[in-house]
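Asks: Could you have a look at this structure, given as structure tokens, before my questions?
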Ligand SMILES: N[C@H](CCC[C@H](N)C(=O)O)C(=O)O
């Protein structure tokens with residue numbers, strides 16, 4: 001019976017079970033299966049998925065991320081903030097700025113403190129990808145998908161698609177509380193026009209500096225927050241003229257607020273909280 005030390009952490013309620021794979025040998029463990037098991041709120045610990053903090057040859061640490069359904073994600077904004085917090089507080093890194101490797105590439109993290117605890121983390125999430133082939137999305141229309149008609153069943157929506165290393169379909173609505181999140185989220189996330197699936201976001205513009213946001217995540221369903229989604233939604237708002245370029249936007253997610261900024265070098269910066277919920281040991285092979 002293998003016992004796995006874990007830390008449960010969340011970014012605005014978007015929680016994952018984190019395993020330090022630098023100290024715990026995960027060789028031979030089926031990570032997709034483990035993600036499904038450990039995420040189960042009844043027979044597991046309960047989370048939106050599994051994240052390993054692993055050795056990296058090109059950065060200070062590596063994040064390996066799985067959604068609740070066992071699908072592997074290429075990157076995860078809330079996960080990156082928690083990986084940064086854990087890495088600093090557990091001496092995996094010594095500087096307060098360091099690099100994290102993901103399947104979508106390298107990101108730079110900076111941790112800031114209240115007393116000796118990491119309270120807020122800023123991540124440079126890199127450059128948004130806008131071309132149809134980069135999302136990826138099928139179709140022969142124009143390369144960038146900005147306010148494009150998107151027929152789903154008997155409803156015609158306006159789609160803006162952005163990749164932050166993972167795919168996001170953003171729909172602007174008048175009232176976030178009336179957004180068809182549970183009706184259309186599970187349908188759009190598996191729509192064949194997105195060959196790798198897609199994270200689905202509904203966004204209500206409050207003003208040019210604020211937006212309300214809800215998400216149906218690829219592989220996890222409705223979560224309390226989605227960091228890459230908040231980045232993608234901010235880029236989409238700028239593309240549609242709802243927010244100023246190089247502006248800072250406060251994104252109000254179900255679980256709290258993220259500060260997102262697109263700088264003059266086309267880099268997307270995300271700042272927000274990262275919190276530890278619990279530590280313990282998980283019994284594998286049950
Ligand atoms: N479901 C996403 C990964 C997690 C993203 C989200 N939790 C975040 O904070 O960015 C995907 O399959 O692309």
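Sequential numbering from 1, following the chain as shown.
Glycine is no exception: its Cβ is also placed from the backbone N, Cα and C atoms.
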Asks: Looking at substrate binding as recorded in TrEMBL, which candidate out of 90, 199, 240 goes with 14, 67, 77, 78, 166, 217, 218, 227, 228?
Replies: 199
Asks: Around the substrate site recorded as 14, 67, 77, 78, 166, 199, 217, 218, 227, 228, what other same-chain residues have a C-beta within 8 angstroms of the site's C-beta center?
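Replies: These residues sit around the substrate site: 73, 75, 76, 79, 215, 220, 223, 226, 229.
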Asks: Compile a sequence-ordered list of residues in the same chain as residue 226 (active site, proton acceptor), six or more apart from it, whose Cβ lies below 8 A from its Cβ; state 'none' when nothing qualifies.
Replies: 14, 77, 78, 199, 201, 215, 217, 253
Asks: Could you find out if DSSP has residue 77 (substrate binding site) as helix, strand or coil?
Replies: helix
Asks: Helix, strand or coil for residue 14 (substrate binding site)? Use DSSP.
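Replies: In the DSSP reduction, residue 14 (substrate binding site) maps to strand.
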Asks: For the substrate binding residues given in the record (14, 67, 77, 78, 166, 199, 217, 218, 227, 228), what is the largest pairwise C-alpha separation in angstrom?
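Replies: Roughly 17 Å, rounded to the nearest whole number.
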Asks: Through the lens of DSSP with three states only, how would you label residue 227 (substrate binding site)?
Replies: helix
